[in-house]
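The following features are taken from Swiss-Prot:
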DOMAIN    332-387  domain 'MIR 1'
DOMAIN    465-523  domain 'MIR 3'
TOPO_DOM  1-50  topological domain 'Cytoplasmic'
TOPO_DOM  72-148  topological domain 'Lumenal'
TOPO_DOM  170-174  topological domain 'Cytoplasmic'
TOPO_DOM  196-235  topological domain 'Lumenal'
TOPO_DOM  257-282  topological domain 'Cytoplasmic'
TOPO_DOM  304-602  topological domain 'Lumenal'
TOPO_DOM  624-639  topological domain 'Cytoplasmic'
TOPO_DOM  661-665  topological domain 'Lumenal'
TOPO_DOM  687-703  topological domain 'Cytoplasmic'
TOPO_DOM  725-753  topological domain 'Lumenal'
TRANSMEM  51-71  transmembrane segment
TRANSMEM  149-169  transmembrane segment
TRANSMEM  175-195  transmembrane segment
TRANSMEM  236-256  transmembrane segment
TRANSMEM  283-303  transmembrane segment
TRANSMEM  603-623  transmembrane segment
TRANSMEM  640-660  transmembrane segment
TRANSMEM  666-686  transmembrane segment
TRANSMEM  704-724  transmembrane segment
Amino acid sequence: MPYRVATGYSEKSTDDDLIWRTPIVKEELEDADNFLKDDAELYDKVKNESAVSHLDTIVMPIIFTVLGMFTRMYKIGRNNHVVWDEAHFGKFGSYYLRHEFYHDVHPPLGKMLVGLSGYLAGYNGSWDFPSGEVYPDYIDYVKMRLFQAMFSSLCVPLAYFTGRAIGFSRLSVWLFTILVIFENSYATLGKFILLDSMLLFFTVSSYFCLAKFHTMRKSPFSARWWLWLCLTGLNLGCAISVKMVGLFIISVVGIYTISELWNLLSDRSVSWKVYVNHWLARIFGLIIIPVCVFLLCFKIHFDLLSNSGPGDSTMPSLFQASLNGTKVGKGPRDVALGSSIISIKNQALGGALLHSHVQPFPEGSEQQQVTVYGYSDANNEWFFQRIRGVEPWTDAENKTIEFVKGGEMYRLMHRLTGKNLHTHEVPAPISKSEYEVSAYGDVDLGDYKDNWIIEIVEQVGEEDPTLLHPLSTSFRIKNSILGCYLAQSGKHLPEWGFRQGEVVCLKHASKRDKRTWWNIETHENERLPQGEDFVYPKTSFFRNFMQLNSAMMATNNALVPNPEKFDGIASSAWQWPTLNVGVRLCEWSEKSIKYFLLGSPASVWPSSIAVCALIIHVIFLTLKWQRQCVILSDPVERDVFVMAAFYPLLAWLLHYMPFVVMSRVVYAHHYLPTLYFALMILSYYFDMITKRWATRNTGKFLRLGAYIVYGSIVIAGFFYFSPFSFGMDGPVDDYAYLAWLPTWQIVEDIRNT
């Protein structure tokens with residue numbers, strides 16, 4: 001006779017599964033308890049199992065967490081040099097401690113936590129973490145690394161409780177946790193001051209909270225239901241606030257939510273009022289909370305970075321003027337013809353400074369390039385000159401101050417090269433439908449296409465509305481002959497243009513098109529009084545937020561492989577699940593402590609096979625379903641498949657496939673969140689296959705033996721490759737035995753030969 005304990009036992013379940021399934025409400029437990037008392041033998045078995053379970057719930061997570069801390073923290077300070085991307089993220093943490101504004105492609109939460117680790121370690125932010133340099137005595141880098149290692153270590157108990165929440169048997173929960181503990185790539189990167197462990201932690205915690213929320217679906221709107229819903233949203237917000245890769249786990253939760261709402265729509269027991277409440281609750285928990293977390297991180301970011309720093313130029317000019325120690329906005333308030341040296345900034349999202357350099361366009365007019373450039377540079381400096389056909393302004397007119405006015409026509413001349421800003425009916429290098437903009441001629445040589453009309457579109461403040469004022473005047477620049485408008489296209493030039501932004505002359509431009517809006521950012525003129533007492537208006541947080549995120553995306557999109565340069569650590573996505581390559585994380589000399597980023601073969605290769613098997617499995621189930629065959633008829637088995645196989649596969653695909661198709665340069669560490677879901681799928685197959693053996697007494701021992709053997713292989717494999725994670729000292733030839741594949745660059749860098 002088949003028995004069912006609460007919601008977690010069926011004909012296909014084993015005794016080991018009794019207490020590992022979905023939550024048991026009090027009434028169900030009491031009914032099951034009374035029912036089982038009629039069968040004394042089964043009653044004793046369940047009671048004994050329950051006692052073991054309570055012990056297991058407390059003791060095993062602690063043991064596993066301690067093991068995880070060991071693998072991440074053992075010999076964590078052995079290498080006292082700046083290792084790999086510690087050079088980036090340690091420096092960013094220093095900026096927070098110095099309160100200097102900087103620019104990076106990633107959202108701020110992870111780097112703020114790096115800064116917090118430095119603060120807790122007593123570091124004052126005075127060092128910039130030069131790559132490969134020895135840490136100075138006044139930086140307690142071990143404490144900073146331990147702070148990061150805690151995030152990686154805490155993934156272990158999260159994996160344990162996730163396995164329980166999604167319905168794994170005890171053996172599979174243990175196996176899944178062991179796979180996470182003894183994964184060399186996690187142990188290696190978990191030692192250093194990086195963002196990867198933080199991203200992994202919030203990704204893992206997001207799926208854990210989703211799994212717990214899933215177990216509460218029979219008790220909607222209860223306190224625990226709300227708790228796990230809000231915690232899911234909180235962790236999603238943190239994940240995307242560390243790296244934009246957090247969008248992938250948000251997509252997983254979004255698809256899960258849509259599926260659940262679709263199922264509720266077909267449930268006749270759910271009234272329309274309740275259904276609408278389900279929508280509103282999820283909008284609050286899974287949209288509003290993550291968005292608020294994301295916005296809050298940027299608000300704290302702006303508040304902390306109140307001083308001028310290396311990233312100022314990526315932000316609007318008015319924002320830069322609000323920073324302490326800035327040079328922006330310190331010049332005279334009115335711009336004069338000839339004598340005023342200015343820089344001009346575009347106001348589109350990701351807008352940069354008008355720029356020119358001596359290199360010509362390789363095609364088209366072959367005249368001097370005009371671009372936009374995001375950083376301060378002498379090649380950003382221009383000045384206004386009288387139009388072609390009129391006597392040019394010269395220094396001899398030192399007693400005459402002629403201010404630049406809106407509605408008037410001028411030439412713009414590049415200060416360093418003396419050439420005119422020019423356009424003509426030549427296609428732009430990237431945006432072929434628009435006109436090319438170049439620098440051409442000189443003060444005497446040129447044509448009437450050098451003449452531009454200044455159109456003022458917005459004035460902030462109460463100054464003379466007819467004049468150009470630095471920062472507070474927004475204007476457009478229209479060619480007097482062709483009628484097109486100077487604009488930043490938003491596209492980047494190839495390597496011959498140093499990957500700077502393309503400048504075009506737009507033929508058809510709306511007045512509200514911010515790509516055609518410009519403002520003067522810096523202004524120098526010794527003949528005019530300085531406007532030091534002028535108070536600039538505050539910029540809005542949301543405009544600053546949008547501008548910074550646009551600049552982040554533009555910088556990220558510019559990180560494309562350069563075919564003319566060799567990148568020894570870049571790789572292709574197909575090489576990650578196959579372990580085709582690893583990454584040298586530091587100097588590779590005899591005297592240095594060397595680390596090699598590579599996944600554990602004992603877990604990565606089987607997990608990749610499991611993912612491929614599951615893809616075939618899902619296709620097979622889909623074909624059966626289309627033929628109206630019954631699939632996954634057991635509700636418990638179906639629930640485990642959904643949360644332990646289907647959604648992990650979806651998460652694997654969403655985390656992996658973007659790196660297959662994206663054009664930017666990618667590295668092996670991008671696979672770490674993806675690997676977590678592959679390990680979950682591998683554990684699911686162990687659970688599903690071996691559970692069928694347990695229907696016979698001999699099968700139970702066979703099942704236990706399979707777990708013990710494979711778990712031992714995983715642990716032994718970790719320690720075999722532990723030099724990768726704990727550090728390799730001495731000659732690299734001593735570790736040649738670890739190079740199982742010729743592409744593993746343990747002894748020699750074969751990709752650079």
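The backbone N, Cα and C atoms fix where each Cβ goes, and this holds for glycine too.
Sorting the topological domain 'Cytoplasmic' (687-703) by DSSP state (H, G, I as helix; E, B as strand; all else coil) yields 14 helix, 0 strand, 3 coil. In the predicted model, residues of the topological domain 'Cytoplasmic' (170-174) average a pLDDT of 95.
Contacts between the transmembrane segment (640-660) and the transmembrane segment (149-169): present, as 3 or more C-beta pairs lie under 8 angstroms, all at sequence separation of six or more. Below 8 A, the CB atoms of the transmembrane segment (149-169) and the transmembrane segment (603-623) form no more than two pairs separated by six or more positions in the chain, fewer than 3 in all. When DSSP labels each residue, the topological domain 'Lumenal' (661-665) comes out as 1 helix, 0 strand, 4 coil, counted as helix, strand and coil in that order.
The list of residues near the topological domain 'Cytoplasmic' (170-174) in space but at least 6 beyond its ends in sequence, with Cβ under 8 angstroms from a Cβ of it, reads 16, 20, 56, 60, 160, 163-164, 683-684, 686-687, 690, 703-704, 707, 711. Residues 217, 220-221, 226, 229 of the same chain, all 6+ positions outside the topological domain 'Cytoplasmic' (257-282), place their C-beta atoms under 8 angstroms from a C-beta of that stretch. Same-chain residues lying 6 or more positions outside the topological domain 'Lumenal' (196-235) and placing a CB less than 8 Å from one of its CB atoms are 7, 22-23, 25, 109-110, 113, 148-149, 151-152, 154-155, 158-159, 161-162, 165-166, 186, 189-190, 242-243, 245-246, 249, 252-253, 256, 260, 274, 277-278, 281-282, 284-290, 293, 643, 647, 651, 669, 672-673, 676-677.
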